[in-house]
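The substrate binding site annotation in TrEMBL covers Arg26, Gln27, Ala28, Gly29, Arg30, Asp76, Tyr153, Ser208, His319. Annotation comment: TrEMBL describes 21-30, 141-157 as domain 'Uroporphyrinogen decarboxylase (URO-D)'. Residues or ranges marked as site 'Transition state stabilizer' in TrEMBL: Asp76.
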Amino acid sequence: MQLKNDLLIRAAKGETVERTPVWLMRQAGRILPEYRAVRESLSGFKELVETPELAAEVTIQPVDILDVDAAIIFSDILVVPEAMGCTYEMIEKRGPLFPNTIRTEADLKKLRVADPHEHLHYVLDAIKITKKALNGRVPLIGFAGAPWTILAYMVEGSGSKTFSQARGMLYTNPKLAHQLLRMITDTTIAYLKAQVEAGANLIQIFDSWAGILSPALYREFALPYISEMCDAITTVPVTVFAKGAFFAMEDFSKLNCETIGLDWNMDISKARKEVGPNKTLQGNMDPCLLYSSFENIQRETINMLKEFGPQRHIANLGHGVYPDTDPEKVKCFVQTVKEYGSIING
Ligand SMILES: Cc1c2[nH]c(c1CCC(=O)O)Cc1[nH]c(c(CCC(=O)O)c1C)Cc1[nH]c(c(CCC(=O)O)c1C)Cc1[nH]c(c(C)c1CCC(=O)O)C2
């Protein structure tokens, strides 16, 4: 189906756009009262993720309410470990918890390379329902976690400031780490291909814990698997967002992907030099700006647009929007990009 608003796709491919496209990581979720209303009627987060009609509904909410240029399918990166046989619980106000972590050869033996059509059909169904309901209004983004970030949760068993168990495994049992990364990568490639088949117009890979690895570990345990994933997705643009990986920008320039996401720690002009002219950059406003006044949001957003320049930029935050952000402030960010993104282009 022809997209009515294809700014995101054209910007990703480096085609000329009349205005910078804008969306927000974690736009579907707790910032919206409409999301909380759907969520409260259910037993928990997982029920929402696993009920395709409801996942589709909350996917479309930010398109209607925030007026963003893309939808991102409502799901989680943790559905992949679950499909592999390592289930998680989402504990209210605390985050994910894996009752059975993967730390030994015996743990690994209990896992499988998942078949997305068998074990992740609910996400594929949600994509199909969303596409139909969107009727081409905006592109739909599919996503998955990068293998290192998924390993981090499977080994650690929960969120952590240091992920010391997971990072430790890279030194104490690199062979086991590579075996696990292999299984995650094979599962994720099949899963992303199935998302594209179901209708995803662009794929984003989230490497949320990239920044806790040394450059050497990142090159051994993270980059090769991301590179493989980029090579495997050939029919839609791919975005790689590796939070904190300022040290890997030159490596990213060689990836077979269209867009690199930047967090707010990264210097825009330095990243542009290192990534080169042939990739689109996405980001990178500090989510905390949205706690500030409307005037500040406008001013800083315009500064950001000027720094990135009119082409090969997708406006976004440098990480997911924080749950206690006022949706009116999000709208201000989106509207500022929409207004000034064309003036700067013109
Ligand atoms: C690391 C990571 C996770 N999940 C995700 C990442 C990568 C992005 C990042 O770095 O933030 C990705 C994700 N999670 C969710 C989405 C939905 C789509 C969107 O971006 O709008 C996406 C893209 C929904 C969610 N995923 C989660 C919620 C909150 C659960 C709720 O509704 O109660 C939502 C809306 C829960 C979740 N999921 C995860 C954690 C650590 C938590 C708990 C902390 C938190 O709440 O943010 C794992």
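Keep in mind that glycine also has a Cβ here, set from the backbone N, Cα and C atoms.
Structure coloured by features recorded in TrEMBL.
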| residue | record | Cβ neighbours (10 Å) |
| --- | --- | --- |
| Arg26 | substrate binding site | 17 |
| Ala28 | substrate binding site | 24 |
| Arg30 | substrate binding site | 14 |
| Asp76 | site 'Transition state stabilizer' | 18 |
| Tyr153 | substrate binding site | 28 |
| His319 | substrate binding site | 23 |
Short question: which residues 6 or more past the ends of the domain 'Uroporphyrinogen decarboxylase (URO-D)' (141-157) have a Cβ under 8 Å from it? 8, 23, 70-73, 75, 77-78, 80-81, 86, 88, 96-99, 101-103, 127, 163-167, 169, 177, 180-181, 184-185, 188, 191-192, 195-196, 198, 200-210, 213, 218, 221-222, 225-226, 229, 240, 242
How far apart, in angstrom, are the most distant Cα atoms among the substrate-binding residues Arg26, Gln27, Ala28, Gly29, Arg30, Asp76, Tyr153, Ser208, His319? 22
Here the Cα-Cα span from Arg30 (substrate binding site) to Asp76 (site 'Transition state stabilizer'), rounded to a whole number of angstrom, reaches 14
In angstrom units, rounded to an integer, how far apart are the Cα atoms of Tyr153 (substrate binding site) and Asp76 (site 'Transition state stabilizer')? 13
Taking only the CA atoms, the spacing between Arg26 (substrate binding site) and Asp76 (site 'Transition state stabilizer'), expressed in whole angstrom, is 10
Mean per-residue pLDDT computed across the domain 'Uroporphyrinogen decarboxylase (URO-D)' (21-30): 96
Taking just the CA atoms, what is the gap between His319 (substrate binding site) and Asp76 (site 'Transition state stabilizer') in Å? 15
